[in-house]
């Protein structure tokens with residue numbers, strides 16, 4: 001049954017700061033995540049997206065049954081490149097009626113020559129992997145957020161059912177990844193049952209060495225064996241640190257000691273304001289290398305002598321306990337970090353540890369700093385006297401804002417406040433539109449209207465930081481109410497004039513409030 005439906009793979013690439021040129025939305029009484037309002041000449045149009053398409057997969061992850069904002073989030077976090085598997089509207093509706101397994105659609109498609117450089121999600125960005133990569137997963141809620149599968153005609157075990165925003169996805173695991181190692185042990189020739197057992201025995205944390213679908217195909221065609229020494233460590237949440245120090249009048253300002261609990265040489269008793277403290281050395285750091293040479297197998301006196309031979313400056317490769325535990329679990333020496341970073345022996349280049357992907361951030365711009373400055377979505381149902389607020393604008397300036405919110409009126413009950421700046425009306429950005437157009441859009445809406453607004457302080461903050469204000473930053477609205485429930489007859493719009501501004505008594509709304517509409 002599934003073979004009669006032909007989904008399309010569309011690869012979209014945009015410039016930094018620009019959009020993909022389409023809206024992703026859900027509509028009342030309509031199934032699926034819909035593609036709408038495709039801009040002419042946009043990346044969306046060039047990639048072949050069509051109005052009414054339903055998005056089945058994003059970067060290989062099946063999303064048809066996921067919450068809409070999670071789907072929007074996946075697109076946003078893909079950076080400047082995203083791959084969508086879509087099905088045209090008519091086919092989608094027929095498939096739903098025939099109860100076709102949408103998850104199976106497109107899975108047998110082999111990538112074309114043009115697909116060789118398809119981008120893959122990596123911690124919210126886009127990156128093409130041509131080398132194996134190491135991923136570290138820690139269970140959340142008793143789950144890693146993936147399943148394992150075997151593929152007919154191919155050896156090995158592969159990753160599937162990657163849960164959107166789950167542990168595996170955040171760790172950098174991709175759909176159809178070939179699993180090479182589990183906790184440093186090669187599993188290329190292991191059975192499905194053996195691999196499952198190894199993962200279970202690992203407990204609440206596990207490391208995988210993986211190759212993506214394209215890389216795996218390349219290795220298979222060229223009969224190249226995957227080499228663990230070529231692995232990328234970039235996805236690990238903790239990394240070794242290269243620390244450079246210049247000796248002060250009282251030396252470096254730390255003690256080097258052997259630990260009965262941990263094999264190797266441990267940093268202890270760092271003096272305040274010493275070269276060691278200023279360089280970022282921490283108590284209980286384990287010394288892996290001195291001036292580019294591994295000291296993991298050396299005794300205490302030998303390591304001390306190597307530091308002394310460095311003269312008035314030294315470069316240490318160190319790991320904290322968490323980093324050491326991750327590398328040990330994966331069966332890698334932290335010294336491998338030198339090769340992976342292409343640092344020459346003896347390098348004193350300071351390499352900052354990468355920051356793990358944010359867990360609950362809805363778009364790349366919404367950081368913790370923005371937390372107190374988020375916009376809000378307000379859904380207003382027209383009352384007997386309209387919406388209960390006035391819309392104002394300063395002459396000669398773009399943008400409209402809220403004034404005179406009537407206590408107990410629809411606007412007040414929806415959370416609208418004086419000085420709130422209107423960002424969107426029913427999903428359409430109105431920031432650069434004239435006052436008249438904003439008024440007209442509200443008036444032509446119907447019985448309810450959904451506004452994305454931003455308080456003056458928050459608006460000024462976003463403008464200063466040049467952060468675009470989008471609906472995914474706001475808390476989601478509850479399910480739509482019945483627009484006819486409790487409806488009162490509306491009054492005619494009442495316009496007023498003030499010396500410095502125009503304002504209009506707001507009325508009306510539109511059935512578009514029965515959708516979530518996000519510009520991509």
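Just so it is clear, glycine is given a Cβ too, placed from its N, Cα and C backbone atoms.
Quantities reported herein were computed from a predicted structural model and do not represent experimental measurements.
Here is what Swiss-Prot says about this protein:
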type	residues	note
COMPBIAS	506-520	compositional bias 'Low complexity'
DOMAIN	9-90	domain 'PDZ 1'
DOMAIN	242-322	domain 'PDZ 3'
DOMAIN	377-457	domain 'PDZ 4'
MOD_RES	108	phosphoserine
MOD_RES	147	phosphoserine
MOD_RES	191	phosphoserine
MOD_RES	249	phosphoserine
MOD_RES	333	phosphoserine
MOD_RES	347	phosphoserine
MOD_RES	450	phosphothreonine
MOD_RES	491	phosphoserine
MOD_RES	509	phosphoserine
MOD_RES	511	phosphoserine
MOD_RES	513	phosphoserine
MOD_RES	515	phosphoserine
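Features as recorded by Swiss-Prot, highlighted on the structure.
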residue : record           : DSSP (3 states)
147     : phosphoserine    : strand
191     : phosphoserine    : coil
249     : phosphoserine    : coil
333     : phosphoserine    : coil
450     : phosphothreonine : strand
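When the modified residues 147, 249, 333, 450 are compared by Cα distance to residue 191 (phosphoserine), the shortest distance belongs to 147. Counting neighbouring Cβ atoms within 10 Å of each of the modified residues (147, 191, 249, 333, 450), the lowest count belongs to 249.
Counting residues per DSSP class in helix, strand and coil order gives 16 helix, 27 strand, 39 coil for the domain 'PDZ 1' (9-90).
Remark: secondary structure over the domain 'PDZ 3' (242-322) totals 17 helix, 29 strand, 35 coil, with classes taken from DSSP. In this structure the alpha carbons, written CA, of residue 147 (phosphoserine) and residue 333 (phosphoserine) are 29 Å apart.
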